[in-house]
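**Student:** Provided herewith is a single structure, encoded as C-alpha coordinates, for subsequent inquiry.
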Amino acid sequence: MNSQQNKLPQQPQQPPSSIVDDDNWKSQLKLPPRDERRQTEDVTATEGNDFDDLHLKRDLLRGIFEKGYVKPSPIQEKAIPIALAGRDIMARAKNGTGKTASFLIPALEKTDPTKDVIQVLILVPTRELALQTSQVCKELGKYMNVQVMASTGGTSLKDDIMRLYNPVHILVATPGRVLDLAQKNVANLSNCHTMIMDEADKLLSQEFQPLVEQLINFLPQQRQILLFSATFPVTVKSFKEHYLQQAFEINLMEELTLKGVTQYYAFVEERQKIHCLNTLFSKLQINQSIIFCNSVNRVELLAKKITELGYSCFFIHAKMVQAHRNRVFHDFRNGACRNLVSSDLFTRGIDIQDVNVVINFDFPKHSETYLHRIGRSGRFGHLGLAINLITYEDRFSLYKIEQELGTEIKPIPPVIDKSLYAA
(Lines of atoms letter the chains of each structure in order from A and count residues from 1; the text may use other names and numbers.)
(Lines give C-alpha, C1' and ligand atoms only; values in the text may rest on other atoms or scores of the structure.)
Protein backbone atom coordinates (compact mmCIF):
# COMPACT_ATOMS: atom_id res chain seq x y z
CA MET A 1 0.00 0.00 0.00
CA ASN A 2 1.43 3.40 -0.90
CA SER A 3 2.09 5.09 2.42
CA GLN A 4 2.33 8.55 0.83
CA GLN A 5 -1.19 8.26 -0.56
CA ASN A 6 -2.54 7.15 2.80
CA LYS A 7 -1.21 10.04 4.86
CA LEU A 8 -3.90 12.48 5.90
CA PRO A 9 -3.17 16.15 5.10
CA GLN A 10 -1.95 17.98 8.19
CA GLN A 11 -4.48 20.75 8.60
CA PRO A 12 -4.82 22.92 11.69
CA GLN A 13 -8.56 22.16 12.03
CA GLN A 14 -7.95 18.37 12.01
CA PRO A 15 -9.24 16.93 15.31
CA PRO A 16 -6.54 15.35 17.48
CA SER A 17 -8.16 11.91 17.06
CA SER A 18 -7.18 11.86 13.37
CA ILE A 19 -4.03 9.82 13.33
CA VAL A 20 -1.38 10.98 10.92
CA ASP A 21 1.66 8.87 11.80
CA ASP A 22 1.63 5.86 9.45
CA ASP A 23 3.65 3.66 11.80
CA ASN A 24 1.73 4.62 14.88
CA TRP A 25 -2.00 4.60 14.05
CA LYS A 26 -2.65 0.93 14.86
CA SER A 27 -1.12 1.27 18.32
CA GLN A 28 -3.78 3.88 19.15
CA LEU A 29 -6.78 1.69 18.23
CA LYS A 30 -9.29 0.88 20.98
CA LEU A 31 -9.60 -2.84 20.29
CA PRO A 32 -12.28 -5.01 21.93
CA PRO A 33 -11.18 -8.20 23.76
CA ARG A 34 -10.02 -10.86 21.29
CA ASP A 35 -12.56 -13.65 20.69
CA GLU A 36 -10.53 -16.80 21.34
CA ARG A 37 -13.27 -19.33 20.51
CA ARG A 38 -12.40 -21.93 17.90
CA GLN A 39 -13.62 -21.11 14.38
CA THR A 40 -14.49 -23.44 11.50
CA GLU A 41 -13.37 -23.33 7.87
CA ASP A 42 -16.57 -21.43 6.99
CA VAL A 43 -14.70 -18.29 8.04
CA THR A 44 -11.04 -19.37 8.19
CA ALA A 45 -10.58 -20.91 4.70
CA THR A 46 -9.27 -17.69 3.17
CA GLU A 47 -6.44 -16.82 0.80
CA GLY A 48 -4.62 -15.04 3.62
CA ASN A 49 -5.41 -11.42 2.76
CA ASP A 50 -5.63 -8.70 5.40
CA PHE A 51 -8.00 -5.73 5.54
CA ASP A 52 -4.88 -3.58 5.01
CA ASP A 53 -4.47 -5.17 1.56
CA LEU A 54 -7.84 -3.80 0.35
CA HIS A 55 -6.59 -0.18 0.04
CA LEU A 56 -9.36 1.18 2.24
CA LYS A 57 -9.54 4.64 3.79
CA ARG A 58 -7.65 4.88 7.06
CA ASP A 59 -10.73 5.94 9.03
CA LEU A 60 -12.66 2.94 7.72
CA LEU A 61 -9.84 0.58 8.73
CA ARG A 62 -9.96 2.06 12.22
CA GLY A 63 -13.67 1.27 12.46
CA ILE A 64 -13.12 -2.26 11.10
CA PHE A 65 -10.40 -3.12 13.62
CA GLU A 66 -12.19 -1.50 16.56
CA LYS A 67 -15.30 -3.56 15.71
CA GLY A 68 -13.12 -6.60 16.44
CA TYR A 69 -12.61 -7.79 12.86
CA VAL A 70 -9.16 -9.32 12.45
CA LYS A 71 -8.99 -10.74 8.92
CA PRO A 72 -11.53 -10.85 6.07
CA SER A 73 -13.69 -13.99 5.93
CA PRO A 74 -13.93 -15.86 2.57
CA ILE A 75 -17.04 -13.91 1.43
CA GLN A 76 -15.44 -10.60 2.44
CA GLU A 77 -12.18 -11.49 0.67
CA LYS A 78 -14.07 -12.31 -2.55
CA ALA A 79 -16.79 -9.63 -2.56
CA ILE A 80 -15.12 -6.45 -1.28
CA PRO A 81 -12.58 -5.94 -4.13
CA ILE A 82 -15.22 -6.71 -6.80
CA ALA A 83 -17.73 -4.31 -5.21
CA LEU A 84 -15.05 -1.60 -4.97
CA ALA A 85 -14.36 -2.08 -8.69
CA GLY A 86 -17.99 -1.15 -9.41
CA ARG A 87 -19.21 -4.54 -10.70
CA ASP A 88 -22.69 -5.92 -10.08
CA ILE A 89 -22.50 -8.95 -7.78
CA MET A 90 -24.63 -12.01 -7.12
CA ALA A 91 -23.11 -13.58 -3.99
CA ARG A 92 -24.18 -16.75 -2.27
CA ALA A 93 -22.70 -17.50 1.13
CA LYS A 94 -23.81 -19.24 4.29
CA ASN A 95 -25.58 -17.37 7.06
CA GLY A 96 -23.20 -16.20 9.76
CA THR A 97 -20.02 -15.96 7.67
CA GLY A 98 -19.64 -12.18 7.46
CA LYS A 99 -21.98 -11.30 4.56
CA THR A 100 -23.08 -7.99 6.09
CA ALA A 101 -19.58 -6.53 6.35
CA SER A 102 -18.80 -7.74 2.82
CA PHE A 103 -21.23 -5.14 1.46
CA LEU A 104 -21.04 -2.50 4.21
CA ILE A 105 -17.27 -2.06 3.87
CA PRO A 106 -17.38 -1.19 0.12
CA ALA A 107 -20.53 0.90 0.68
CA LEU A 108 -18.72 3.01 3.28
CA GLU A 109 -15.51 3.19 1.24
CA LYS A 110 -17.35 4.55 -1.82
CA THR A 111 -19.47 7.09 0.08
CA ASP A 112 -18.42 10.73 -0.09
CA PRO A 113 -19.57 12.44 3.15
CA THR A 114 -19.09 15.91 1.63
CA LYS A 115 -22.04 15.28 -0.74
CA ASP A 116 -25.38 15.62 1.04
CA VAL A 117 -27.24 13.01 -1.05
CA ILE A 118 -28.30 9.39 -0.57
CA GLN A 119 -25.49 7.41 -2.22
CA VAL A 120 -26.23 3.84 -1.08
CA LEU A 121 -29.58 2.09 -0.58
CA ILE A 122 -29.51 -1.17 1.39
CA LEU A 123 -32.74 -3.17 1.18
CA VAL A 124 -33.57 -5.80 3.81
CA PRO A 125 -36.79 -7.79 4.35
CA THR A 126 -37.39 -7.15 8.08
CA ARG A 127 -37.36 -4.25 10.50
CA GLU A 128 -35.02 -6.00 12.92
CA LEU A 129 -32.48 -6.66 10.18
CA ALA A 130 -32.67 -2.99 9.10
CA LEU A 131 -31.90 -1.82 12.64
CA GLN A 132 -29.09 -4.33 13.07
CA THR A 133 -27.50 -3.54 9.68
CA SER A 134 -27.65 0.23 10.22
CA GLN A 135 -26.07 -0.20 13.65
CA VAL A 136 -23.17 -2.24 12.24
CA CYS A 137 -22.77 0.35 9.48
CA LYS A 138 -22.57 3.17 12.04
CA GLU A 139 -19.99 1.24 14.08
CA LEU A 140 -17.78 0.48 11.06
CA GLY A 141 -18.05 4.07 9.80
CA LYS A 142 -17.82 5.85 13.15
CA TYR A 143 -14.71 7.86 12.12
CA MET A 144 -15.96 8.72 8.61
CA ASN A 145 -18.75 11.26 9.20
CA VAL A 146 -21.05 9.12 7.02
CA GLN A 147 -24.71 9.59 7.99
CA VAL A 148 -26.65 6.30 8.17
CA MET A 149 -30.43 6.06 8.54
CA ALA A 150 -32.72 3.06 9.12
CA SER A 151 -36.25 3.38 7.76
CA THR A 152 -38.90 0.70 8.18
CA GLY A 153 -42.64 0.23 8.23
CA GLY A 154 -44.28 0.22 11.66
CA THR A 155 -42.51 3.43 12.69
CA SER A 156 -43.53 7.07 12.27
CA LEU A 157 -43.43 8.20 8.64
CA LYS A 158 -43.32 11.80 9.87
CA ASP A 159 -40.12 11.10 11.84
CA ASP A 160 -38.50 9.63 8.71
CA ILE A 161 -39.51 12.66 6.65
CA MET A 162 -38.04 15.02 9.29
CA ARG A 163 -34.82 12.96 9.40
CA LEU A 164 -34.44 13.20 5.61
CA TYR A 165 -34.33 17.01 5.82
CA ASN A 166 -30.82 16.43 7.21
CA PRO A 167 -28.04 14.69 5.25
CA VAL A 168 -28.35 10.92 4.79
CA HIS A 169 -25.62 9.13 2.84
CA ILE A 170 -26.56 5.46 3.41
CA LEU A 171 -30.22 4.44 3.76
CA VAL A 172 -31.02 0.99 5.19
CA ALA A 173 -34.69 0.21 4.65
CA THR A 174 -37.49 -2.24 4.04
CA PRO A 175 -38.87 -1.93 0.47
CA GLY A 176 -42.38 -0.64 1.25
CA ARG A 177 -41.22 2.25 3.42
CA VAL A 178 -38.47 3.51 1.09
CA LEU A 179 -40.79 3.27 -1.92
CA ASP A 180 -43.33 5.38 -0.04
CA LEU A 181 -40.64 7.99 0.74
CA ALA A 182 -39.40 7.99 -2.87
CA GLN A 183 -42.92 8.39 -4.28
CA LYS A 184 -43.51 11.34 -1.92
CA ASN A 185 -40.27 12.92 -3.25
CA VAL A 186 -38.85 12.87 0.27
CA ALA A 187 -36.12 10.27 -0.36
CA ASN A 188 -34.26 11.46 -3.47
CA LEU A 189 -32.54 8.42 -5.02
CA SER A 190 -31.37 10.13 -8.22
CA ASN A 191 -27.75 10.15 -6.97
CA CYS A 192 -27.93 6.71 -5.38
CA HIS A 193 -25.53 4.74 -7.55
CA THR A 194 -25.39 1.62 -5.35
CA MET A 195 -28.29 -0.64 -4.33
CA ILE A 196 -27.60 -3.62 -2.08
CA MET A 197 -30.15 -6.39 -1.48
CA ASP A 198 -29.50 -8.50 1.61
CA GLU A 199 -31.52 -11.73 1.92
CA ALA A 200 -32.25 -11.25 -1.79
CA ASP A 201 -34.32 -14.43 -2.04
CA LYS A 202 -36.86 -12.98 0.41
CA LEU A 203 -36.75 -9.53 -1.24
CA LEU A 204 -37.63 -11.17 -4.55
CA SER A 205 -40.57 -13.17 -3.19
CA GLN A 206 -44.07 -12.25 -4.39
CA GLU A 207 -44.50 -10.00 -1.35
CA PHE A 208 -41.59 -7.68 -2.16
CA GLN A 209 -40.50 -8.07 -5.79
CA PRO A 210 -42.99 -5.57 -7.32
CA LEU A 211 -41.86 -2.95 -4.77
CA VAL A 212 -38.17 -3.59 -5.52
CA GLU A 213 -38.75 -3.26 -9.27
CA GLN A 214 -40.61 0.04 -8.77
CA LEU A 215 -37.75 1.30 -6.59
CA ILE A 216 -35.18 0.62 -9.31
CA ASN A 217 -36.98 3.18 -11.50
CA PHE A 218 -35.97 5.89 -9.00
CA LEU A 219 -32.25 5.01 -9.30
CA PRO A 220 -29.92 6.52 -11.93
CA GLN A 221 -29.16 4.55 -15.11
CA GLN A 222 -25.52 4.17 -14.06
CA ARG A 223 -25.92 2.05 -10.97
CA GLN A 224 -24.40 -0.93 -9.21
CA ILE A 225 -26.61 -3.69 -7.76
CA LEU A 226 -25.30 -6.22 -5.23
CA LEU A 227 -27.37 -9.30 -4.33
CA PHE A 228 -26.50 -11.33 -1.22
CA SER A 229 -28.31 -14.45 -0.06
CA ALA A 230 -27.85 -17.97 1.27
CA THR A 231 -30.33 -19.36 -1.26
CA PHE A 232 -30.94 -18.31 -4.87
CA PRO A 233 -34.27 -19.56 -6.24
CA VAL A 234 -35.40 -19.04 -9.84
CA THR A 235 -36.86 -15.60 -9.05
CA VAL A 236 -33.41 -14.30 -8.15
CA LYS A 237 -31.85 -15.67 -11.32
CA SER A 238 -34.49 -14.05 -13.55
CA PHE A 239 -34.10 -10.74 -11.68
CA LYS A 240 -30.35 -10.93 -12.25
CA GLU A 241 -30.80 -11.41 -16.00
CA HIS A 242 -33.20 -8.46 -16.15
CA TYR A 243 -31.49 -5.87 -13.97
CA LEU A 244 -27.83 -6.77 -13.41
CA GLN A 245 -25.06 -5.95 -15.91
CA GLN A 246 -22.55 -8.80 -16.38
CA ALA A 247 -22.86 -9.74 -12.72
CA PHE A 248 -19.86 -11.28 -11.00
CA GLU A 249 -21.06 -14.50 -9.35
CA ILE A 250 -19.66 -15.68 -6.02
CA ASN A 251 -20.75 -19.06 -4.68
CA LEU A 252 -19.32 -20.22 -1.35
CA MET A 253 -22.02 -22.84 -0.82
CA GLU A 254 -20.49 -26.22 -1.66
CA GLU A 255 -22.52 -27.41 1.31
CA LEU A 256 -25.49 -25.57 2.72
CA THR A 257 -25.30 -25.96 6.50
CA LEU A 258 -22.68 -24.35 8.70
CA LYS A 259 -19.76 -26.63 9.57
CA GLY A 260 -19.87 -25.64 13.24
CA VAL A 261 -23.54 -26.54 13.83
CA THR A 262 -24.22 -30.11 15.01
CA GLN A 263 -27.77 -31.22 14.20
CA TYR A 264 -29.86 -33.73 16.16
CA TYR A 265 -33.48 -34.88 16.18
CA ALA A 266 -35.61 -36.41 18.93
CA PHE A 267 -38.78 -38.35 18.10
CA VAL A 268 -41.54 -37.17 20.44
CA GLU A 269 -45.31 -37.09 20.68
CA GLU A 270 -46.83 -33.62 20.60
CA ARG A 271 -47.86 -33.84 24.27
CA GLN A 272 -44.28 -34.76 25.30
CA LYS A 273 -42.63 -31.71 23.73
CA ILE A 274 -42.71 -29.49 26.85
CA HIS A 275 -41.26 -32.29 28.99
CA CYS A 276 -38.55 -32.88 26.38
CA LEU A 277 -37.72 -29.16 26.31
CA ASN A 278 -37.48 -29.11 30.11
CA THR A 279 -35.00 -32.01 29.96
CA LEU A 280 -32.91 -30.21 27.32
CA PHE A 281 -32.80 -27.03 29.42
CA SER A 282 -31.59 -28.97 32.46
CA LYS A 283 -28.91 -30.95 30.57
CA LEU A 284 -27.52 -28.50 28.00
CA GLN A 285 -24.95 -25.79 28.64
CA ILE A 286 -26.90 -22.94 27.03
CA ASN A 287 -25.34 -19.50 26.62
CA GLN A 288 -28.47 -18.28 24.83
CA SER A 289 -31.06 -20.25 22.87
CA ILE A 290 -33.71 -19.48 20.26
CA ILE A 291 -36.74 -21.80 20.17
CA PHE A 292 -38.81 -21.74 16.99
CA CYS A 293 -42.55 -22.38 16.64
CA ASN A 294 -44.63 -22.49 13.46
CA SER A 295 -47.34 -20.03 14.54
CA VAL A 296 -47.72 -16.80 16.50
CA ASN A 297 -50.21 -18.43 18.87
CA ARG A 298 -47.82 -21.27 19.72
CA VAL A 299 -44.97 -18.79 20.32
CA GLU A 300 -46.92 -17.05 23.09
CA LEU A 301 -48.21 -20.29 24.63
CA LEU A 302 -44.75 -21.86 24.70
CA ALA A 303 -43.12 -18.76 26.20
CA LYS A 304 -45.73 -18.87 29.00
CA LYS A 305 -45.00 -22.58 29.64
CA ILE A 306 -41.22 -22.02 29.73
CA THR A 307 -41.66 -19.18 32.24
CA GLU A 308 -43.89 -21.45 34.38
CA LEU A 309 -41.08 -24.03 34.37
CA GLY A 310 -38.85 -21.40 35.98
CA TYR A 311 -36.62 -20.43 33.05
CA SER A 312 -36.08 -16.86 31.89
CA CYS A 313 -37.78 -16.38 28.54
CA PHE A 314 -38.75 -13.66 26.04
CA PHE A 315 -40.87 -14.08 22.93
CA ILE A 316 -41.04 -12.23 19.60
CA HIS A 317 -43.28 -12.47 16.53
CA ALA A 318 -44.56 -10.35 13.64
CA LYS A 319 -47.89 -9.42 15.22
CA MET A 320 -46.27 -7.58 18.13
CA VAL A 321 -46.18 -3.77 18.21
CA GLN A 322 -42.94 -2.57 16.61
CA ALA A 323 -41.65 -0.75 19.71
CA HIS A 324 -42.16 -3.92 21.79
CA ARG A 325 -40.35 -6.02 19.16
CA ASN A 326 -37.43 -3.57 19.17
CA ARG A 327 -37.18 -3.73 22.95
CA VAL A 328 -37.22 -7.55 23.05
CA PHE A 329 -34.61 -7.76 20.29
CA HIS A 330 -32.37 -5.20 22.03
CA ASP A 331 -32.68 -6.77 25.50
CA PHE A 332 -32.11 -10.33 24.26
CA ARG A 333 -29.04 -9.26 22.27
CA ASN A 334 -27.67 -7.56 25.41
CA GLY A 335 -28.05 -10.77 27.40
CA ALA A 336 -31.02 -9.76 29.57
CA CYS A 337 -32.56 -13.19 29.03
CA ARG A 338 -31.27 -16.65 28.16
CA ASN A 339 -34.10 -18.00 25.98
CA LEU A 340 -36.14 -16.49 23.14
CA VAL A 341 -39.23 -18.13 21.61
CA SER A 342 -39.77 -16.91 18.06
CA SER A 343 -41.73 -17.27 14.87
CA ASP A 344 -39.89 -17.28 11.54
CA LEU A 345 -39.70 -13.49 11.76
CA PHE A 346 -36.40 -14.00 13.54
CA THR A 347 -34.70 -16.37 11.11
CA ARG A 348 -33.09 -14.01 8.62
CA GLY A 349 -29.76 -12.34 9.16
CA ILE A 350 -30.23 -11.77 12.87
CA ASP A 351 -26.79 -11.97 14.45
CA ILE A 352 -26.54 -12.67 18.17
CA GLN A 353 -23.09 -14.07 18.90
CA ASP A 354 -24.00 -15.72 22.23
CA VAL A 355 -26.69 -17.99 20.76
CA ASN A 356 -25.19 -21.50 20.80
CA VAL A 357 -28.41 -23.57 20.79
CA VAL A 358 -31.37 -23.49 18.40
CA ILE A 359 -34.37 -25.72 19.12
CA ASN A 360 -37.07 -26.37 16.53
CA PHE A 361 -39.97 -26.96 18.92
CA ASP A 362 -42.06 -27.19 15.74
CA PHE A 363 -40.20 -28.67 12.78
CA PRO A 364 -40.39 -26.50 9.63
CA LYS A 365 -41.91 -27.75 6.37
CA HIS A 366 -39.29 -26.23 4.03
CA SER A 367 -35.54 -26.72 3.81
CA GLU A 368 -34.97 -22.99 3.27
CA THR A 369 -36.70 -22.16 6.58
CA TYR A 370 -34.70 -24.89 8.33
CA LEU A 371 -31.45 -23.51 6.94
CA HIS A 372 -32.18 -19.98 8.11
CA ARG A 373 -33.34 -21.14 11.55
CA ILE A 374 -30.31 -23.24 12.42
CA GLY A 375 -28.05 -20.49 11.07
CA ARG A 376 -28.91 -18.46 14.19
CA SER A 377 -26.38 -20.59 16.10
CA GLY A 378 -22.76 -21.12 15.11
CA ARG A 379 -22.38 -17.48 14.05
CA PHE A 380 -19.13 -16.49 12.33
CA GLY A 381 -17.64 -19.97 12.35
CA HIS A 382 -18.23 -20.74 16.02
CA LEU A 383 -19.82 -23.91 17.37
CA GLY A 384 -23.53 -24.42 17.83
CA LEU A 385 -26.23 -27.01 18.32
CA ALA A 386 -29.54 -27.48 16.48
CA ILE A 387 -32.11 -29.80 18.09
CA ASN A 388 -35.31 -30.77 16.28
CA LEU A 389 -38.38 -32.16 18.05
CA ILE A 390 -39.94 -34.49 15.48
CA THR A 391 -43.47 -35.90 15.65
CA TYR A 392 -44.74 -38.82 13.56
CA GLU A 393 -46.21 -36.31 11.07
CA ASP A 394 -42.82 -34.58 10.70
CA ARG A 395 -40.89 -37.68 9.61
CA PHE A 396 -41.32 -37.04 5.86
CA SER A 397 -40.26 -33.39 6.24
CA LEU A 398 -37.16 -34.52 8.14
CA TYR A 399 -36.16 -36.90 5.35
CA LYS A 400 -36.94 -34.32 2.63
CA ILE A 401 -34.89 -31.58 4.31
CA GLU A 402 -31.92 -33.91 4.85
CA GLN A 403 -32.01 -34.83 1.16
CA GLU A 404 -32.44 -31.29 -0.16
CA LEU A 405 -29.69 -29.83 2.02
CA GLY A 406 -27.37 -32.82 1.68
CA THR A 407 -26.90 -32.81 5.45
CA GLU A 408 -27.16 -35.38 8.22
CA ILE A 409 -29.50 -34.83 11.16
CA LYS A 410 -28.58 -37.51 13.71
CA PRO A 411 -30.67 -39.09 16.49
CA ILE A 412 -30.00 -37.29 19.75
CA PRO A 413 -27.58 -39.20 22.03
CA PRO A 414 -28.22 -39.67 25.78
CA VAL A 415 -25.40 -37.21 26.51
CA ILE A 416 -24.30 -34.44 24.13
CA ASP A 417 -20.58 -33.67 24.17
CA LYS A 418 -20.19 -30.08 25.41
CA SER A 419 -17.17 -29.53 23.15
CA LEU A 420 -19.57 -29.62 20.16
CA TYR A 421 -21.32 -26.40 21.12
CA ALA A 422 -20.01 -24.80 24.33
CA ALA A 423 -16.97 -22.53 24.18
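First residue shown is number 1, and so on along the chain.
Heads up, the Cβ atoms here are built off N, Cα and C, so glycines get one too.
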**Student:** According to Swiss-Prot, which of these ranges is motif 'DEAD box': 126-129, 198-201, 238-241, 286-289?
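**Tutor:** My reading of Swiss-Prot: the motif 'DEAD box' range is 198-201.
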**Student:** Per DSSP, what is the residue count of the motif 'Q motif' (49-77) in each of helix, strand and coil?
**Tutor:** 17 helix, 0 strand, 12 coil
**Student:** Quick one: DSSP breakdown of the motif 'DEAD box' (198-201) into helix, strand and coil?
**Tutor:** 2 helix, 1 strand, 1 coil
**Student:** What does DSSP assign Thr100 (ATP binding site), in three states?
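**Tutor:** In the DSSP reduction, Thr100 (ATP binding site) maps to helix.
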**Student:** Would you mind listing the long-range same-chain contacts of the motif 'DEAD box' (198-201), meaning Cβ under 8 Å and 6+ residues beyond its ends?
**Tutor:** 99-100, 103, 122-125, 129, 133, 227-233, 235-236, 239, 348-349, 368
**Student:** At a 10 Å cut-off from the C-beta of Ala93 (ATP binding site), count the other C-beta atoms across all protein chains.
**Tutor:** 23
